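Following: one structure in structure tokens, then a few remarks.
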Amino acid sequence: MQTTIQQRSGASAWQQFCEWVTSTDNRLYVGWFGVLMIPTLLAATTCFIVAFIAAPPVDIDGIREPVAGSLLYGNNIISGAVVPSSNAIGLHFYPIWEAASLDEWLYNGGPFQLVIFHFLIGIYAYMGREWELSYRLGMRPWICIAYSAPVAAASAVFLVYPFGQGSFSDAMPLGISGTFNYMLVFQAEHNILMHPFHMLGVAGVFGGSLFSAMHGSLVTSSLVRETTESESQNYGYKFGQEEETYNIVAAHGYFGRLIFQYASFNNSRSLHFFLAAWPVVGIWFTALGVSTMAFNLNGFNFNQSILDSQGRVLNTWADILNRAGLGMEVMHERNAHNFPLDLAAAESAPVALQAPAIG
């Protein structure tokens with residue numbers, strides 16, 4: 001019988017903790033960015049779920065007209081949202097301890113700030129964790145670069161846009177219909193559909209979907225035949241097998257004949273770089289567009305650009321968009337004291353011919 005005696009490690013508890021955090025042998029890599037990511041995302045997720053279910057109405061416009069967003073106050077999954085913090089709070093940081101009571105904090109939309117700030121810190125840390133794991137494994141850092149696109153988009157709608165507009169009440173609500181409401185109001189106030197950076201983002205998202213579907217279907221179809229002509233190719237493979245089944249030469253030949261030769265990649269790395277770069281660059285541009293429109297550098301205005309020989313306006317698609325935007329804007333601003341300036345821009349009639357003497 002043999003007895004094995006293992007010498008106790010002389011490492012301190014802190015050193016053991018550091019080794020565990022940075023170990024790539026863990027089932028899920030933690031990393032130093034993970035130490036920040038885990039608690040912040042847990043806090044954001046917990047607060048979001050509780051607020052979505054049970055938060056009381058929020059005075060989003062700061063005019064004592066609370067808007068209910070939670071399920072217990074009559075909403076469903078589609079209409080429910082975590083309502084942004086009040087316009088009365090503006091850009092002030094509004095943690096729980098800044099409110100006189102918990103009821104006041106809830107009424108002014110404090111949970112929204114708690115969720116978005118923890119969420120943003122969490123996704124920034126997740127991006128850093130992607131780089132950290134790549135570094136530990138000796139990989140190149142492009143995974144976190146690709147992830148920076150949705151991070152930039154989230155930062156644009158939750159942080160940059162409220163900064164530019166002067167209030168967190170202008171941020172995107174955390175819900176399905178709230179997202180659509182944000183998009184409609186954004187079009188009304190900034191004409192985003194006529195902004196080139198938004199157009200690049202649309203090309204990036206839809207083009208990325210198209211290229212992804214084309215690539216996946218082409219790879220799935222380009223099998224190395226392991227069977228005879230008289231039986232199904234599928235008999236030559238087991239799902240999930242380790243051996244290579246895909247022939248890039250065959251795929252290149254097929255696609256080159258389907259479109260034309262130079263539309264097809266014969267280099268796998270070039271192909272996958274293109275598949276990654278196309279949507280990422282498109283979403284970068286959209287985030288940049290939202291960030292510039294946050295400061296009212298809006299989309300192109302081609303309203304009433306075409307006139308006939310008599311000076312009458314010939315409406316174009318730009319004029320149709322403008323009319324739709326005006327309608328969305330007056331529905332959005334329910335309180336009359338904040339009437340949209342572009343609708344109130346008619347010539348003002350004097351109410352007094354002479355200013356009264358003062359004193």
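In case you wondered, yes, glycine gets a Cβ from its N, Cα and C as well.
These features come from Swiss-Prot:
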type     : residues                                       : note
BINDING  : His118                                         : chlorophyll a ChlzD1 binding site
BINDING  : Tyr126                                         : pheophytin a binding site
BINDING  : Asp170, Glu189, His332, Glu333, Asp342, Ala344 : [CaMn4O5] cluster binding site
BINDING  : His198                                         : chlorophyll a PD1 binding site
BINDING  : His215, His272                                 : Fe cation binding site
BINDING  : His215, Ser264, Phe265                         : quinone binding site
SITE     : Tyr161                                         : site 'Tyrosine radical intermediate'
SITE     : His190                                         : site 'Stabilizes free radical intermediate'
TRANSMEM : 29-46                                          : transmembrane segment
TRANSMEM : 118-133                                        : transmembrane segment
TRANSMEM : 142-156                                        : transmembrane segment
TRANSMEM : 197-218                                        : transmembrane segment
TRANSMEM : 274-288                                        : transmembrane segment
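Taking the features listed in Swiss-Prot, we show where each one sits on the structure.
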residue: Tyr126; record: pheophytin a binding site; DSSP (3 states): helix
residue: Tyr161; record: site 'Tyrosine radical intermediate'; DSSP (3 states): helix
residue: Asp170; record: [CaMn4O5] cluster binding site; DSSP (3 states): helix
residue: Glu189; record: [CaMn4O5] cluster binding site; DSSP (3 states): helix
residue: His198; record: chlorophyll a PD1 binding site; DSSP (3 states): helix
residue: His215; record: Fe cation binding site; DSSP (3 states): helix
residue: Ser264; record: quinone binding site; DSSP (3 states): coil
residue: His272; record: Fe cation binding site; DSSP (3 states): helix
residue: His332; record: [CaMn4O5] cluster binding site; DSSP (3 states): helix
His272 (Fe cation binding site) CB neighbourhood, other CB atoms within 10 A: 12
Non-local residues, at least 6 beyond the ends, that sit with Cβ under 8 Å of the transmembrane segment (274-288): 142, 145-146, 148-150, 152-153, 155-156, 197-198, 200-205, 207-208, 211-212, 215, 265
Distance [Cα-Cα, Å, rounded] between His272 (Fe cation binding site) and Phe265 (quinone binding site): 9
Candidate with the highest Cβ count within 10 Å, taken from the recorded positions Tyr126, Tyr161, Phe265: Tyr161
Between His198 (chlorophyll a PD1 binding site) and His332 ([CaMn4O5] cluster binding site): CA-CA distance (Å): 22
Recorded positions clustered about Asp170 ([CaMn4O5] cluster binding site) [Cα within 10 Å; pool: His118, Tyr126, Tyr161, His190, Ser264]: Tyr161
Quinone site shell beyond His215, Ser264, Phe265, criterion: Cβ within 8 Å of Cβ centroid: Met214, Leu218, Ala251, His252, Phe255, Ala263, Leu271, Phe274
Spatially closest candidate among His190, His198, Ser264, Phe265, the listed recorded positions, to Tyr161 (site 'Tyrosine radical intermediate') (Cα to Cα): His190
Phe265 (quinone binding site) to Tyr126 (pheophytin a binding site) - Cα separation in whole Å: 32
